Amino acid sequence: MKVTVVGAGNVGATCADVLAYREIANEVVLLDIKEGVAEGKALDIWQKAPINLYDTRTIGSTNDYEKTAGSDVVVITSGLPRKPGMSRDDLISTNAGIVKTVTENVIKHSPEAILIIVSNPLDVMTYQAHISSKFPRTRVIGMAGILDTARYRAFLAEELNVSPKDIQAVLMGGHGDTMVPLPRYTTVGGIPVTELVDAEKLEAIIERTKFGGGELVKLMGTSAWYAPGSAAAQMVEAIVRDQRRVFPVCIKLEGEYGIDDCYLGVPVILGKNGVEKVIELDLDKDEKELLATSRKHVLEVMAVLDK
Ligand code: LMR
């Protein structure tokens, strides 16, 4: 399997590294517009192979899309990260043009690829890649749900002093402050979280999750990369190994949850064809209202893109 990661910044390089050391693909092409950066990072990852014992070939490219030809999956991480004080939506004017150009170049050389979008603002950049590629919606998906859910799970693991492995959760909606964590669907080793964490603490954890990206931007002066890069790699793994994993991903909704005009995070089955199935949960009234608010916000940013 061949995977391309476009953007050799922190997120793209982390994703390529995870793909390599976990041998998720035979070949990983890392591409960036900045002269030499992708070649350097790909070479560095390759030189780590004898130490960490993997044989995934990593190849770098300065904007030469020929090298990406025939990729099965393409991860698009290109664009600017946030600076403190910025919202993800503030990145739209710069990143939309970048994602459009990258998508057009990628699909010329890999017309059958599945596209995973990581650039922000995530839901709207997924929209951009979908309209630029004209691929079926099942092959243009955004990475946010795995990341947001991972943050939620990590905070819960810390609170309960248990392994993060045992926390199962799902989170829906846009990748922003209006995301919709679902305590009703959160379990700890099969036990409903509501039996283990009191309502006030749970609410605080949900709030921290919603602003989890911003917390890191504040600390580091730029956006996070380890968890976002690993989350994208986990999506690639589900696809190339046809694992049929159940993950929340961003996809254009076409009637699911009564929505047909918006790109939102929802649980899906992820396999060799990309999204194999969108799972529809039976949301209660409050959850539906939160999802409606999230949709409204994403639609507003989509309208900015349309203009
Ligand atoms: C994240 O959630 O870490 C990413 O969307 C990057 C960001 O700026 O928050």
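Glycine too: its Cβ is placed from the backbone N, Cα and C atoms.
Summarising the annotation, TrEMBL assigns domain 'Lactate/malate dehydrogenase N-terminal' to 1-142. Shown for the domain 'Lactate/malate dehydrogenase N-terminal' (1-142): DSSP residue counts in helix, strand and coil, namely 69 helix, 28 strand, 45 coil.
The local packing around Asn120 (NAD(+) binding site), expressed as other Cβ atoms within 10 Å of its Cβ over all shown chains, amounts to 29. Taken from TrEMBL, the feature NAD(+) binding site applies to Gly7, Ala8, Gly9, Asn10, Val11, Gly12, Asp32, Asn95, Val118, Ser119, Asn120.
Counting only residues at least six positions away in the same chain, the Cβ atoms of Arg208, Thr209, Gly212, Ala227 sit under 8 Å from the Cβ of Arg151 (substrate binding site). In the three-state DSSP scheme, Arg151 (substrate binding site) falls into the helix class. For Arg82, Arg88, Asn120, Arg151, the entry in TrEMBL reads substrate binding site.
Sequence annotations record features per position, and here TrEMBL assigns domain 'Lactate/malate dehydrogenase C-terminal' to 147-300.
In the three-state DSSP assignment, the secondary structure recorded for His175 (active site, proton acceptor) is coil. Feature annotation from TrEMBL assigns active site, proton acceptor to His175.
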In sequence order, those binding-site residues of Gly7, Asp32, Arg82, Val118, Asn120, Arg151 whose CB lies under 6 Å from ligand 1: Arg82, Asn120
Cβ neighbours within the same chain of His175 (active site, proton acceptor) - under 8 Å, at least six residues apart: Arg88, Asn120, Pro121, Leu122, Asp123, Gly142, Ala144, Gly145, Leu147, Asp148, Gly213, Cys250, Gly265
